[in-house]
Amino acid sequence: MLRYLTAGESHGPQLTAIIEGLPAGLKISDESINCDLARRQCGYGRGGRMKIERDEAQILSGVRWGETIGSPVTLCIVNRDWINWQEKMSPNARHRDEKIRVTRSRPGHADLPGAMKYDHRDVRNILERSSARETAVRVAVGAVAKAFLASFGIEVNGFVSEVGGIRAERRSLQLERMKELSAASELFTYDAEAEERMKAFIDGAREAGDTVGGVVEIIASGLPVGLGSHVQWDRKLDARLAMAVMSIQAIKGVEIGLGFDAARRPGSQVHDEIYYDSTRISRGELSGFYRKSNNAGGIEGGITNGEDIVIRAAMKPIPTLYRPLRSVDMQTKEPFEATVERSDVCAVPAAAVVAEAVVALELANAMLEKFGGDSLGEVRRNYEGYLEYVRAF
């Protein structure tokens, strides 16, 4: 079983993650992790903090000479802005300063419900941890999971498919071409014409003091049939993936395959017919069974069916607006216009990178549940033995 915990506040000294359950012998490096961290900080519409932070992960435990050794892996990302917050975010009681308490909660954030739940009179105790800054360390953990999946020929790729109601058209693009186009895009999208309209929409929102949401699409390819299970509700892979993606800050909806559109179609236009071709095995495919459509998004009954997993997630517009929304001061109960923290206009491209990470983590966990071992070699032997069985089925 693969599990992880993250810790740290947005303006604290660092973000930390501990990963448990990685097999020994997996090659990882801080360079590969930092590549994904850099992608998270890119994207059209990002805010001022991206000019301060240049995220770099440090591997503190569980890795020796570039390979995991079987013990927990610890990662940390230093917050470079900490130098400006040392007293405001100090763990020491001697630095307490009631004059800097934040009592004005912002609509759309965890501020007010969090303060009421934890009996805080200072909203900063909530907003620091609820901030999307936390996703930086989840991207780092996800990069490790992606390295594990890559050793089995499995890829997880994220794209922006919609911004502000402007949709990218995939048409007949194959996955490799989508990857090439999105890598060259400031919005991580594969439709150049739609990208220009998206950027113009973001520019308009910036001028109006507003923010923009959108939709990200995650495609996982190279997966075998049989990950997840139908036997219990909490073992269904689609349920676990949906929870992982919904855990990302500002995500308000998740769909797999056709998703909500399946409710609008007759069954004859929804379910993927099954075919068999024995020559697929000689061509390097994992199974002779296949489907000509993928409306299920690669999962049936909570189990992977051998097709690509396709997930889409809706991200709401960032709630911190430069044209402030109305709220109420927790202490005085007086109305006010919400305070402005540094913020993005559009963080949908970053959400695509974060969604990649959490999906990779859940898939790596499913792989280890199915083919687990103490070393990567043992996991690979179990995996290859299973593939022999599947090819002969």
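Using the three backbone atoms N, Cα and C, a Cβ is placed for every residue, glycine included.
Positions annotated as NADP(+) binding site by Swiss-Prot: Arg40, Arg46. Contacts of Arg46 (NADP(+) binding site) defined by a Cβ separation under 8 A and a same-chain sequence distance of 6+ are given as Asp344, Val345, Cys346, Ala347, Pro349, Ala350, in order along the sequence.
Non-local neighbourhood of Lys316 (FMN binding site): Gly108, Gly213, Ala250, Ile251, Lys252, each in the same chain, at least six residues away, with C-beta under 8 Å from its C-beta. Among the features that Swiss-Prot reports, FMN binding site is placed at Arg129, Ser130, Ser131, Gln249, Ala250, Gly301, Lys316, Pro317, Ile318, Pro319, Thr320, Arg342.
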For Ser131 (FMN binding site): DSSP state (helix, strand, coil): coil
Cβ-Cβ distance under 8 Å to Ser131 (FMN binding site), same chain, at least six residues away: Glu9, Ser10, Gln249
Residue pair Ile318 (FMN binding site), Arg40 (NADP(+) binding site) - Cα distance, angstrom, rounded: 16
Sequence-distant neighbours of Arg40 (NADP(+) binding site) in its chain (C-beta under 8 A, six or more apart): Asp55, Thr135, Ala136, Val139, Ala350, Val353, Val354
Ile318 (FMN binding site): tally of other CB atoms within 10 A of its CB: 23
